[in-house]
Amino acid sequence: MADLLHQPLLDIEEQPRTSKKTPRVASLDVFRGLCVFLMMLVDYGGAMVPIIAHSPWNGLHLADFVMPFFLFIAGVSLALVYKRVPNRIEATRKAVLRAVELFLLGVILQGGYFHGINSLTYGVDMKRIRWLGILQRISVGYIFAALCEIWLSCRSRGDVSFLKSYYWHWGAAFSLSAIYLGLLYGLYVPDWQFEMSNATSSVFPANHSYVYMVKCSVRGDLGPACNSAGMIDRYVLGIDHLYKKPVYRNLKECNMSTNGQVPESAPSWCHAPFDPEGVLSSITAAVTCIIGLQYGHSLAHLQDHKQRMQNWILFSLSLLLVGLLLAVAGDPVNKSLYTFGYMMITCASAGITYSAIYLLVDVYGYRCLTFALEWMGKHSLSIFVLITSNLVVIAIQGFYWTAPENNLIHWIVTRFVHR
């Protein structure tokens, strides 16, 4: 686990040892650094500038691009890691081990062990630990893409084609997409209920709980109350292990106050937990990683910059067109459900962004303009750990003037967040 922290996020598999060290692809580090920068920007700036925070349900804000960008670059990196696989069994063992390490690290960071900037305590009730999160989702996408590259690649010598050379990859991607769509639209969601108490919500007084009933009895609903993704998570993970502050509480229907409380008069589903990194949406998240893998094939097996750029731009525009057509046809662009249209549009955006960075950094050599992002990309996992656990914020908060309340973090929160 300690070795994992010293490696770039999403590039966590060791390169094969050779006598000559393979030079790093600078654009990969810059793109990772951009992902980390955007993550910090939306996490700390989203409260002050809501338009960059996550969309409450349908729609795309800046924050909604961060997760698919992380997954995309994970896939790109894997094409370089597994450019040659002399021993598939050993490569699989290492890939599974890395995925498990990343998953467990995610549970520690986002499972409820750290209590945030308003409390210096730590520890988590295992009855309410959150099992899924950002790193867990990346680990799922990582292992799916890694196994595809290790076992399903059949590229002939000198032939690099998105469709022809890796048709088994596309078969896996289409199969996963079909499973996702079948479960999302095909499962029947009955009426359901859940209990909230003072242990899970500060709305209720001590030793008081309330049972909420949510009326559904529908199939194929994509709203926050009755979608099949939430139902699967409640059955598989348990409602106590889901994210307690879903972003859909920012919808007008929930009428959430400035201090983050939902009134009892709000619709019952506004009080319910919901995990944006849930089981069903992890399927399309894995497909994002597989799509990134296809971009990585051009980087790993083509030497001509022009040919690489042509492949990437053509593929990105195709994905964007499909995504826009799906949105027009009625498929919502939804990050919480990781809908098919959302996946297509964000993958296309990631491909276009990476192409621009590659052109700037690796083709024209303007690394001086992006050296800060490149450094962040090389240390992305360490930065992620410090930011997600709030260790940096807590350290700054520890320096105060006269009274503990007179610290920089408290001043920023009271002045900009809770005003």
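Using the three backbone atoms N, Cα and C, a Cβ is placed for every residue, glycine included.
Summarising the annotation, TrEMBL assigns domain 'Heparan-alpha-glucosaminide N-acetyltransferase catalytic' to 24-146.
Within its own chain, the transmembrane segment (30-53) has Cβ neighbours under 8 Å at 8-11, 61-63, 65-66, 69-70, 73, 76, 247, 250, 353-354, 357, 361, 370, 372-378, 380, 383-384, 387, 416-417, counting only residues six or more beyond its boundaries. Marked as transmembrane segment by TrEMBL: 30-53 (among others).
Marked as transmembrane segment by TrEMBL: 65-83 (among others).
For 95-114 (among others), the entry in TrEMBL reads transmembrane segment.
Annotation source TrEMBL lists transmembrane segment at 134-154 (among others).
Same-chain residues lying 6 or more positions outside the transmembrane segment (166-188) and placing a CB less than 8 Å from one of its CB atoms are 144, 148-149, 152-155, 218-220, 222, 227-229, 231-232, 280, 283-284, 286-287, 290-291, 293-294, 297, 337, 339-340. Per TrEMBL, the feature transmembrane segment maps to 166-188 (among others).
Positions annotated as transmembrane segment by TrEMBL: 279-300 (among others). Through the fold, the transmembrane segment (279-300) approaches residues 25, 67-68, 71-80, 83, 132, 137, 140-142, 144-145, 148-149, 155, 160, 162, 165-166, 169, 172-173, 176-177, 179-180, 183-184, 228-229, 232-233, 236-237, 307-308, 311-312, 315, 319, 336-340, 342-343, 346-347, 350-351, 354 of its own chain, all at least 6 residues removed from its boundaries and within a Cβ separation under 8 Å.
According to TrEMBL, the feature transmembrane segment maps to 312-330 (among others).
Marked as transmembrane segment by TrEMBL: 342-361 (among others).
According to TrEMBL, the feature transmembrane segment maps to 381-401 (among others).
In summary, the transmembrane segment (65-83) does not lie against the transmembrane segment (312-330): fewer than three C-beta pairs, each 6 or more positions apart in sequence, are under 8 Å. Over the domain 'Heparan-alpha-glucosaminide N-acetyltransferase catalytic' (24-146), the average per-residue pLDDT in this prediction is 91. Here the domain 'Heparan-alpha-glucosaminide N-acetyltransferase catalytic' (24-146) is broken down by DSSP into helix, strand and coil counts: 79 helix, 3 strand, 41 coil. Highlighted: of the candidate stretches 312-330, 342-361, 381-401, 381-401 has the greatest count of Cβ pairs under 8 Å to the transmembrane segment (95-114).
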